Amino acid sequence: MAGQQAAGTPSSPPRTEAAGARGQDEYAEDSSDEEDVRNTVGNVPLQWYDDFPHVGYDLDGRRIYKPVRTRDELDQFLDKMDDPDYWRTVQDRMTGHDLRLTDEQVALVQRLQRGQFGDASFDPYEPAVDFFSGDLMIHPVTNRPADKRSFIPSLVEKEKVSRMVHAIKMGWIQPRRPRDTAPSFYDLWAQEDPNAVLGRHKMHVPAPKLALPGHAESYNPPPEYLPSEEESLAWEQQEPSERKLNFLPRKFPSLRAVPAYGRFVHERFERCLDLYLCPRQRKMRVNVDPEDLIPKLPRPRDLQPFPTCQALVYRGHSDLVRCLSVSPGGQWLASGSDDGSVRLWEVATARCMRTVPVGGLVKSVSWNPNPTICLVAVAVEDAVLLLNPALGDRLVVGSTDQLLGTFTPPAEPALQPARWLEASEEERQGGLRLRICHDKPVTQVTWHGRGDYMAVVLAAQGHTQVLIHQLSRRRSQSPFRRSHGQVQRVAFHPARPFLLVASQHSVRLYHLLRQELTKKLMPNCKWVSSMAVHPAGDHLICGSYDSKLVWFDLDLSTRPYRVLRHHKKALRAVAFHPRYPLFASGSDDGSVIVCHGMVYNDLLQNPLLVPVKVLRGHTLTRDLGVLDVAFHPTQPWVFSSGADGTVRLFS
C-alpha cells in the first residue's frame, strides 16, 4: 500500500510560500531538511473526497484533513483589500491550502498567457544551422546498396490488393455517390423580427413632414396678409392647382370665435393619398468624371492606311448609279445605272472603256471573283445577264468564251425555276454571252468565292425568293421550301459552305451541305438594307434604313456585338476590305464613313472598332445620297456610287 502510494506521488512542484497557516501546525514548514507534508493520494480523482472531512493521506498513512473554510464573502473582500499578495495567491487542490506564487512563477504564467515560450532564455529566432554543405561533393552521403526487397514485388501489398478486389466483387466497397446538385431552399425571412416592419426596406425614406403654419394661418394675421375683394374674387376663379394658398386668410377678434375648418377631413384624406401613392426613393449620386466615360480609342493616324480624300470622279451616267463592282485584279470597275446601261471603267484613269446598253434598270452588278474567268453578272428586270467585257488579258477572255462553249445540254432537260438562254450573234458582239430568265424581277446577284455558283434574290413572295445558279452545268435550284419574310440580301460565306440570308428583321445562316438552319441573328433593326461578311468569315455587318450599322460576332452571340449610329439617314450599302482591317458604309446623307475594324486571332480579345474618316463628295438628289460602296481588292481605296450619277474614288 505504501509502495503504491509512493509510486503515485506526483513530482515536487516549485517551492511556494504558505499564505495561510492559521492554526494548522501540521501544515507549518519545519526548518529542518525534511520533506514537506505531501498528499500521497496519487491520481485518485479529488471529487471522491467531497463527502469526507479529509482530502488524502500523508507518508505515515494519517489523514490530511481539509482546512476549515468559515470565511464568507465579506471576509474574502477584506482579505483582498488588506492582503497585497492576494492577487498571486492560489489554492492547492491536493491539500486545500492557499499558496503564494513566487515572482518566477508569475513571470512564467504571464509568458504563457502572451503565447510565448516558458523558458525565458529560449530564442525562437536563432539562425538555423546548415548541417549539409551546399557545395557539390564527390562522395555521396551514404553508399549503402539498395535492399533486395526493392526489386521484388511486395507480398503484403499483393494481399491488400487481392482483399480490396474481393471486397469490390462482393459489393462491400461501394463507389462514391455523386453529390446532389439540387438546390437547398430555405426561408429568407425566418429569423426576421416581425415587429421590424421596415427591416427589409434598406432604402426606406421617411415621409416629408408638413410645413409649419405661418402668418397667413393665424386667426389674427397682419393687415398685409388679408386679401382685398378683387384678390378674393381672383382666388375663387383660379383652378385649385394654380392657387398659392388653399384657403383665404381671415381675421377673428379672439381664438374662441374661430369656427371649425371645413376642409379638414378633405385635406387629411389627400395627405393620406400622398403618403400611400407617392413613391419615395433615395437617389445615390455618383461623382464620375465625364472624361472617364469616353472610351480610350487610338488616334486615327496610328491606324493608317485608309482613304482620306477624293481622288477621281467617274462621270458618264445620266441617272443615279445603283451598283458597283471591282474586278479581282483591281484594274477595272463596272457600274450599273437607271439609265439602262452598264459602264466599264479603268480604275487608274477614270476612262470609260465600254458602255453596254441593257434596256432596263440595273439593280445589281457583280464581277466574277475568279481571276481566270472574265464575266460580269448584271441584274436587269427579270433576267441576269452574263457579260464578257473583253478587258484585260486576251487569254483569259478567250478561255472564258471557250469555257462557256464547252457546255453540252442534257438529252432530257430537267424542270428548273429559271431558263438559260444563249445570246444571239448580235448580242454577242455587244458582250452578252448568257441570259438567265426568271418569273419575277431580280433585285440582287452575288457570286460564290470560287466563281462557279451565283445566288440571286427575286422580288417575289414565297420560298422561291432565293435561287442558286451553277455556271458550269447551267442548273438552277431553289434551296428553300418555305419563306421567312421578305428577303433583302444574300451572301456566301468566304470559307465554309454557308449561305447568309437577310430578311427585314433577321439574318439566317444556313448550312448548304446539311441543308439546315445553323444560326439566326437578331439585328434589332426596323428594316435591314445591306449586309457584308468579313473575309475571315467570323464577323458580319448589317446596315438598316433606321441609320444603324450592326456588327455581329458569329462565335459570340446571336445578338449584336456593337451598334454604330454614325449616319443621320438610312444606310444603303456596307462593305469589308478583303485585305486591310477596314469597313465602310454609305448613307442617304451623302457621306461614306470608313471605320477601322481589327479582328484578333485571340478569341479572348474583342474586335477594335474605330471610325477614322468621313468622306463627302456626292450631292443629294431626290433625297438619295450614296447608293453603293466597294473596296479595291489590293489598295486601301473605296469606290462609291451616288444618286447624282457619278462614281467617286477615295484614296
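Indices start at 1 and increase along the chain as displayed.
Keep in mind that glycine also has a Cβ here, set from the backbone N, Cα and C atoms.
Here TrEMBL flags 1-40 (among others) as region 'Disordered'.
What TrEMBL records for 1-10 is compositional bias 'Polar residues'.
According to TrEMBL, the compositional bias 'Acidic residues' annotation covers 26-36.
Marked as domain 'BOP1 N-terminal' by TrEMBL: 49-307. Along the domain 'BOP1 N-terminal' (49-307), the predicted structure has mean pLDDT 83.
If you look up TrEMBL, you'll see 213-232 (among others) marked as region 'Disordered'.
Residues or ranges marked as repeat 'WD' in TrEMBL: 314-355 (among others).
TrEMBL lists 564-594 (among others) with the feature repeat 'WD'. Remark: secondary structure over the repeat 'WD' (564-594) totals 0 helix, 17 strand, 14 coil, with classes taken from DSSP.
Per TrEMBL, repeat 'WD' is recorded for 626-651 (among others). Same-chain residues lying 6+ beyond the ends of the repeat 'WD' (626-651) with a Cβ under 8 Å from its Cβ atoms: 305-315, 317-330, 333, 335, 337, 345, 347, 350, 572-580, 582, 584-588, 590-592, 594, 615, 617-620.
Remark: secondary structure over the repeat 'WD' (314-355) totals 0 helix, 25 strand, 17 coil, with classes taken from DSSP.
Across the repeat 'WD' (626-651), the DSSP tally of helix, strand and coil residues reads 0 helix, 16 strand, 10 coil.
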